[in-house]
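In what follows, a single structure is set out as structure tokens and then discussed.
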Amino acid sequence: MNINFNNINLIISAVKKAQYPDTGLTEVALSGRSNVGKSTFINSMIGRKNMARTSQQPGKTQTLNFYNIDEQLIFVDVPGYGYAKVSKVQREKFGKMIEEYITQRENLKLVIQLVDLRHQPTEDDVLMYNYLKHFDIPTLVICTKEDKIAKGKVQKHIKRIKDKLELESGDNIISYSSIKNSKQQEIWNFIETYI
């Protein structure tokens, strides 16, 4: 895939179906727990520091943010789940917004579910992964923050995540460091198979 990383922009921040952009391009959604590093992942994949706003404070992304990647595909940054300080009403609102997008959006071809390599997946991670599998939505699990784990222990942590999510053979998982941009090309190659 030959992407001009200077030609990337945020099209819209949407909260309902009527606001989704009509581009006809393939969409890749990024899902994960609050503060798992979705925005940092987007920025590192497109070689920008601040295209997707990052925050130390969980729960900052509250809309579906559609990023046009060089007129070739759209990254959709989805609100993080599992943040305890968000009210129950707000969590339900996010849940409905995400469910509507994931189950009804024809342009959606792949979901990248991010999990923190340092920790065992939460029940929310397991629920989201099972939800995606239930609807037969192609999913790539990215284990973020690989640089925070000693190199010799990475495979052990990946196995723990595979076991908790009950990944089967043929399910896809890649560990990644946004600092080192490790395996960036492997991830782009995977995404390209859905475009």
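Any Cβ shown, glycine's included, is placed from N, Cα and C.
From a predicted model like this one, the values you see are computed outputs, not experimental measurements.
Now, the feature entries from Swiss-Prot:
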| type | residues | note |
| --- | --- | --- |
| DOMAIN | 24-195 | domain 'EngB-type G' |
| BINDING | 32-39, 59-63, 77-80, 144-147, 176-178 | GTP binding site |
| BINDING | Ser39, Thr61 | Mg(2+) binding site |
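Feature map: annotations from Swiss-Prot on the structure.
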| residue | record | DSSP (3 states) |
| --- | --- | --- |
| Gly32 | GTP binding site | strand |
| Lys38 | GTP binding site | helix |
| Thr63 | GTP binding site | coil |
| Pro79 | GTP binding site | coil |
| Lys145 | GTP binding site | coil |
| Tyr176 | GTP binding site | coil |
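Ranking the binding-site residues Asn35, Ser39, Thr63 by other CB atoms within 10 A of the CB puts Thr63 at the bottom. Taking a C-beta cut-off of under 8 angstroms and a sequence separation of 6 or more, Gly32 (GTP binding site) has the following same-chain neighbours: Lys38, Gly80, Tyr81, Gln113, Leu114, Val115, Asp125, Met128, Thr144.
Note on Pro79 (GTP binding site): other Cβ atoms within 10 Å of its Cβ, all shown chains, come to 24.
All protein chains considered, the CB of Tyr176 (GTP binding site) has 25 other CB atoms within 10 Å. In sequence order, Gly37, Asp116, Leu117, Arg118, Ser177, Ser178 constitute the residues six or more apart from Lys145 (GTP binding site) in its chain with CB-CB distances below 8 Å. Between the CA atoms of Pro79 (GTP binding site) and Ser39 (Mg(2+) binding site) there is a gap of 10 Å, rounded to the nearest whole number.
Note: the Cα of Thr63 (GTP binding site) and the Cα of Ser39 (Mg(2+) binding site) are spaced 13 Å from each other.
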